[in-house]
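Enquirer: Reproduced below are the annotations present in Swiss-Prot:
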BINDING   166-173, 191-195, 212-215, 279-282, 308-310  GTP binding site
BINDING   Ser173, Thr193  Mg(2+) binding site
DOMAIN    1-159  domain 'Obg'
DOMAIN    160-327  domain 'OBG-type G'
Amino acid sequence: MHFIDEVKIYIKGGNGGNGCVSFHREKFIDRGGPDGGDGGRGGSVIFRSNHHLNTLVNYRYKQHFTAENGENGKDSNRSGKSGKSLVLDVPIGTQIFSEDGNILLHDFTVDDQSFEIIKGGSGGLGNSHFKSSVNQAPRKRTEGEIAEEMWIHLSLKLLSDVGLVGFPNAGKSTFLSFVTAAKPKIADYPFTTLVPNLGVVYVDDEEFVIADIPGLIEGAHQGHGLGDKFLKHIERCNVLIHLIDGSSNDVVADYNTVRLELESYSDYLKNKIEIICLNKCDVLTDEEIQEKINKLQKVTNKEVFPISTYTNAGVNKIVKLALETIKNQE
């Protein structure tokens with residue numbers, strides 16, 4: 001399935017049905033009074049969050065959606081049938097913006113949440129409404145209301161408790177595959193991860209959701225590489241796990257580059273709690289590990305944890321620390 005997190009679609013409510021011009025007809029009654037019924041209300045357009053969905057792919061190829069029109073009024077004071085509302089399901093984490101993307105109309109953060117974005121048009125009045133002492137046989141009726149229409153922008157921000165960040169090939173996908181049942185594509189070259197991957201981590205009787213974000217490179221917040229497109233998916237998370245490739249010649253530069261991209265993208269990311277991990281320690285000597293940890297701790301003023309996603313050394317400790325950090329923020 002394609003991962004689609006940005007779409008623009010057209011939506012329109014159903015028009016109201018027209019009122020009816022009709023007169024009562026009955027045997028032995030030549031001139032019955034007006035009995036034209038009202039038009040039915042048009043259907044509304046409603047968005048609903050659905051936890052079974054994780055992409056906006058349903059809106060990639062079909063981009064025009066219109067609710068059902070109300071039926072016209074009928075004789076014998078019968079109202080037209082109301083049009084069916086159109087319910088459009090979206091993943092949790094979907095945001096609805098105006099066409100230009102400047103106005104947030106709604107943000108879905110829980111399952112089975114509904115938002116009526118367009119009301120259907122009101123039905124027109126039948127001629128029975130216009131009978132008066134001076135006009136016993138009115139031929140007046142009103143037309144149904146034309147419903148609102150608009151283009152909107154849908155943007156999906158994945159909901160996760162923990163975000164995995166780091167340079168391409170830092171070992172994020174391997175980390176995710178070990179701590180969850182997720183099966184991300186893994187290979188020994190940069191940009192293996194082309195879309196965000198989500199997984200659920202179970203710790204005893206507790207759990208949390210973790211997201212592997214495609215690797216960041218210098219200039220990601222300006223659209224370079226893949227990071228700019230996916231940085232938004234970790235804005236909602238509580239904790240960042242920052243993996244650094246221990247085999248790199250300059251771990252401090254790698255750390256600073258990723259931090260700059262996070263800080264340049266938004267203040268939300270800048271202020272996230274960060275767990276720093278020096279990965280691939282299985283290919284380093286004890287002296288090399290300590291030297292690189294010392295360098296990182298000097299510039300970060302934070303504890304740096306040595307791990308190996310190849311041997312899984314130290315990974316369980318990070319998982320428990322992440323869970324503890326999440327719980328402390330609740």
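Counting starts with 1 at the first residue shown.
The backbone N, Cα and C atoms fix where each Cβ goes, and this holds for glycine too.
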Enquirer: Tell me, roughly as an integer, the mean pLDDT over the domain 'Obg' (1-159).
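Expert: Mean pLDDT, the domain 'Obg' (1-159): 92.
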Enquirer: Any idea what the Cα distance is from Gly166 (GTP binding site) over to Ser173 (Mg(2+) binding site), rounded to a whole Å?
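Expert: One finds 11 Å between the Cα atoms of these residues.
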Enquirer: Here are the binding-site residues: Lys172, Lys280. Which has the lowest count of other Cβ atoms within 10 Å?
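Expert: It is Lys280 that, of the binding-site residues Lys172, Lys280, has the fewest other Cβ atoms within 10 Å.
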Enquirer: If you count other Cβ atoms within 10 Å of each one's Cβ, which of the binding-site residues Asn169, Ser173, Ser308 has the most?
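Expert: Going through Asn169, Ser173, Ser308 one by one, the largest Cβ count within 10 Å is at Ser173.
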Enquirer: Show me the subset of Pro214, Lys280, Ser308 whose Cα is within 10 Å of Ser173 (Mg(2+) binding site); these are the binding-site residues I mean.
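Expert: Checking each Cα against Ser173 (Mg(2+) binding site), the hits are Pro214.
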Enquirer: Count the other Cβ atoms sitting within 10 Å of the Cβ of Gly166 (GTP binding site), across every protein chain shown.
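Expert: Total other Cβ atoms inside 10 Å, all chains included: 25.
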Enquirer: Need the DSSP three-state call for Gly166 (GTP binding site) to compare against my parser.
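Expert: DSSP call for Gly166 (GTP binding site): strand.
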Enquirer: Neighbour count, 10 Å Cβ-Cβ cut-off, for Pro214 (GTP binding site): what number do you get?
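Expert: Other Cβ atoms found within 10 Å: 26.
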